[in-house]
Amino acid sequence: MKHFLSITDIPDLHQTVQEAIALKNNPYAFEHLGNQKTICLLFFNNSLRTRLSTKKAAIHLGLHVMVMNFGSEGWQLEFADGTTMNHGCSEHIKEAARVVSQFADIVAIRAFAGLVDKKTDEAEMVLSGFLKYASIPVVNMESSVGHPLQALADAITLAEHSTGTQPKVVLSWAPHPKALPHAVANSFIQMMQRQDAEFVITHPKGYELDPKITKDITIVHEQETALENANFVYVKNWSSYQRYGKVLTQDPEWMMTKQKLGKAKFMHCLPVRRNVVVEDAVLDSEQSLCIDQANNRTYAAQIILKKILVP
Amino acid sequence: MKHFLSITDIPDLHQTVQEAIALKNNPYAFEHLGNQKTICLLFFNNSLRTRLSTKKAAIHLGLHVMVMNFGSEGWQLEFADGTTMNHGCSEHIKEAARVVSQFADIVAIRAFAGLVDKKTDEAEMVLSGFLKYASIPVVNMESSVGHPLQALADAITLAEHSTGTQPKVVLSWAPHPKALPHAVANSFIQMMQRQDAEFVITHPKGYELDPKITKDITIVHEQETALENANFVYVKNWSSYQRYGKVLTQDPEWMMTKQKLGKAKFMHCLPVRRNVVVEDAVLDSEQSLCIDQANNRTYAAQIILKKILVP
Amino acid sequence: MKHFLSITDIPDLHQTVQEAIALKNNPYAFEHLGNQKTICLLFFNNSLRTRLSTKKAAIHLGLHVMVMNFGSEGWQLEFADGTTMNHGCSEHIKEAARVVSQFADIVAIRAFAGLVDKKTDEAEMVLSGFLKYASIPVVNMESSVGHPLQALADAITLAEHSTGTQPKVVLSWAPHPKALPHAVANSFIQMMQRQDAEFVITHPKGYELDPKITKDITIVHEQETALENANFVYVKNWSSYQRYGKVLTQDPEWMMTKQKLGKAKFMHCLPVRRNVVVEDAVLDSEQSLCIDQANNRTYAAQIILKKILVP
């Protein structure tokens, strides 16, 4: 693997999930692979799980790790070509990406959607800037439109809780007070499109995601109908895609409850707002897989880094 | 040792101090203990000594270290049970503590008192939240009401400067422009209660500490009387406990001076405001042990981490 | 080598540059040198290249690394002697420097010029404070008046691109919207004074640097004349030294262009504002050495740390 930008960069998802589970059983088995190699983790946004799990994955592989909060510790970056840089930005992505490439063997980047301008977000300025100008492999630790390490961790979690038969998986929108990006939902959908499963998305009208991502997946606007006979329910808020970045409703009727969940397993990428997105009774039950999902972030990152180290 | 929350978690203080001194003489003797293990240092407040000494202790033991400034790098935490999280906080302590437990073998936490509400501070929301929901050992790097790694470093320093006879130790309040927590004073007192020493506390009226901590220790309101024949004088400001978090006086008469100190050794946890808490002449003299105390923070942390690694 | 504060601390520049190039060819050859030793990198200002390259150099030498953003993670420091510290600063440089010395074997420090008061900046409060009170070697990662690791990286870059004959090197001032320090220019000049080269400085009138630094170096106010037959052109903005910290002009005529550059190689320490300091056509051409310079920061730091580890 050269870069890891999208869940679609994984040629064989099932095989990769099995390899990740093998790593989980023996995390330090490939500690020699990172010998005398360095990964640089660049954060343009906050992070708990991604910060710790990606570092942990790198430690397992024996990599040296350099973590940098780019926004607060470095320089404001310019992304446009040909600009006269006489305003706020001190450094151009061209130099930043080339320079980081001198010091690291792999660079992993987190840069959220701004949710102001769809075109800007879909251009993935930070990630695609590094991709264009860096001379080392680039790993997506959540960009404007995708969070593939989360989706891979979700695939690992689904596999670990598989009952052997084809499951029904539902992605259910949930209310949230703030406008959130589409990245987690997008990557989860792209991952599910490669699974042998019945997959349904449910959300209020107006919350349709990018049709280039959802393609021909069944979308149901009645949550109750969508949830019938579900085996796994992935709950996630996102802001409107059509009326880009807007919060159209916070209708509490869409919150996931124990009753709605039935016997299904509950999934969420975290952080989660309790009793807004999902009620306590779900999170505190055995049906919640969200801590497993977080744990699997380590092995998702680790199998990707391993594939980059040994292409 | 399972957790280290208070100086009272150490079963045999004298023995532990001797073990710490042995580590100081051979810091890398147990470098194999941390092999393939990781400690996560979570800072909810600023830190110089604790940050560097705890990391150094972990390095000595061969642990991998992940440092995180939780406030600025992670998500705002909710601590209350059953809240509808539709305001500022993005993540609940339940998830945060469980998630960190997936990535580390030990978690160490710094979270100061807010000094606004006594009940809130005494509930130790952050530390007790992690204790309740984490599945890994928890280490106190200064909480609302205690700073046991400092007190253990102080005990090591006292032992190193012991003259063999029972010493007189005085804890003397000092003026300070800002309201400071009671944590250092509390843990020092709890540590002294387990020492074979004459121990006296002196402070202006109104600065009585929590009587559940001070118990039957002699409290003298005339500083000069308290200091008579002292061998060690520990100087520290704290805000009022009764009129919680208030600065009642900044009377410079309470500043420690070379003259008042006499032949006693001077101790302070640092950082210290020169010529407010203590005059230059004391800090710049051979009688000051505060740099030794700071150095011993490493070995205090190290013996605790060692006891957690090898219970 | 005991400390590294200035490029003049290197006894034999040519020899040191050759040693750095040898390290570049075999970066991990001395990985054993840092065994069980720790370097502390203290940042009082932002940093990208210095942060990553100095950490990388330390990793190459097998050092443990502790990075700290002193401003945001530690305590506000007081530098004046004898002050009554009842205002903003919580800790004195005396304690901070002594304490850091307990936890590290080497301390490296970045603390920029404030550009408000010349006397204050030239006193180098932070760097000289650590030098005075620390008991361990001190390394300058850019101080108020010097950036010697950059100058050493520049010397390595010049050596790598040497054509064997005595080169003409020009330091050319460039426009910039903000007031910038003199550190890079100062150290580059001090480095060039020890090179076998024709060296010329060009800048608008009023931008004369400290005459104690420039000494008898040729200064030409017509950029075009200065650039004639140049082999290497080092471009850099600095604010006025006479009218201390002022931006006297942003005249775009002084921007470096491909046409002005001719066949010379272009050098800059980065970050650089495109189309203000230098036009895109230069940075995007084969004539630009600035990424090489950034890369050589690693080996500049590494040879210095090696000399400190093995004096």
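Just so it is clear, glycine is given a Cβ too, placed from its N, Cα and C backbone atoms.
Noted in TrEMBL for the protein shown:
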type: BINDING; residues: A:Ser47, A:Leu48, A:Arg49, A:Thr50, A:Trp75, A:Arg110, A:His147, A:Pro148, A:Leu149, A:Gln150, A:Cys269, A:Leu270, A:Arg297; note: carbamoyl phosphate binding site
type: BINDING; residues: A:Glu142, A:His176, A:Lys236, A:Arg273; note: N(2)-succinyl-L-ornithine binding site
type: DOMAIN; residues: A:2-160; note: domain 'Aspartate/ornithine carbamoyltransferase carbamoyl-P binding'
type: DOMAIN; residues: A:184-305; note: domain 'Aspartate/ornithine carbamoyltransferase Asp/Orn-binding'
Exercise for review: Let me know the largest Cα to Cα distance in Å among the carbamoyl phosphate-binding residues A:Ser47, A:Leu48, A:Arg49, A:Thr50, A:Trp75, A:Arg110, A:His147, A:Pro148, A:Leu149, A:Gln150, A:Cys269, A:Leu270, A:Arg297, as an integer.
Suggested key: 30
**Study point:** DSSP state at A:Lys236 (N(2)-succinyl-L-ornithine binding site), helix/strand/coil
**Key:** strand
Revision key, fill the gap. Students should find that the binding-site residues A:Ser47, A:Trp75, A:His147, A:Cys269 with a Cβ under 8 Å from chain B are A:Ser47
Revision key, fill the gap. Candidates A:Glu142, A:His176, A:Lys236, A:Arg273 (binding-site residues); nearest Cα to A:Leu149 (carbamoyl phosphate binding site) turns out to be A:Glu142
Point to revise | Mean of pLDDT values spanning the domain 'Aspartate/ornithine carbamoyltransferase carbamoyl-P binding' (A:2-160) | key: 97
**Study point:** Number of Cβ atoms other than its own within 10 Å, given for A:Ser47 (carbamoyl phosphate binding site)
**Key:** 22
Exercise for review: Count, for each of the binding-site residues A:Trp75, A:His147, A:Arg273, A:Arg297, the other C-beta atoms lying within 10 angstroms of its own C-beta, and report the residue with the smallest count.
Suggested key: A:Trp75
Review point. Can you list which of the binding-site residues A:Ser47, A:Arg49, A:Trp75, A:His176, A:Lys236, A:Cys269 come closer than 8 Å to chain C, going by CB to CB distance?
Key: A:Trp75
Review point. Considering the binding-site residues A:Arg49, A:His176, A:Lys236, which residue's Cβ sits among the greatest number of other Cβ atoms within 10 Å?
Key: A:Arg49
Check your understanding: About how far apart, in whole Å, are the alpha carbons (Cα) of A:Glu142 (N(2)-succinyl-L-ornithine binding site) and A:Arg49 (carbamoyl phosphate binding site)?
Key -> 11
Exercise for review: Mind checking which of A:Leu149, A:Cys269 has the fewest other CB atoms within 10 A of its CB? They're the binding-site residues.
Suggested key: A:Cys269
Exercise for review: Helix, strand, coil: count each for the residues of the domain 'Aspartate/ornithine carbamoyltransferase Asp/Orn-binding' (A:184-305), based on DSSP.
Suggested key: 45 helix, 20 strand, 57 coil
Review point. Over all shown protein chains, what is the count of other CB atoms within 10 A of the CB belonging to A:Glu142 (N(2)-succinyl-L-ornithine binding site)?
Key: 27
**Study point:** Residue pair A:Trp75 (carbamoyl phosphate binding site), A:Arg273 (N(2)-succinyl-L-ornithine binding site) - Cα distance, angstrom, rounded
**Key:** 32
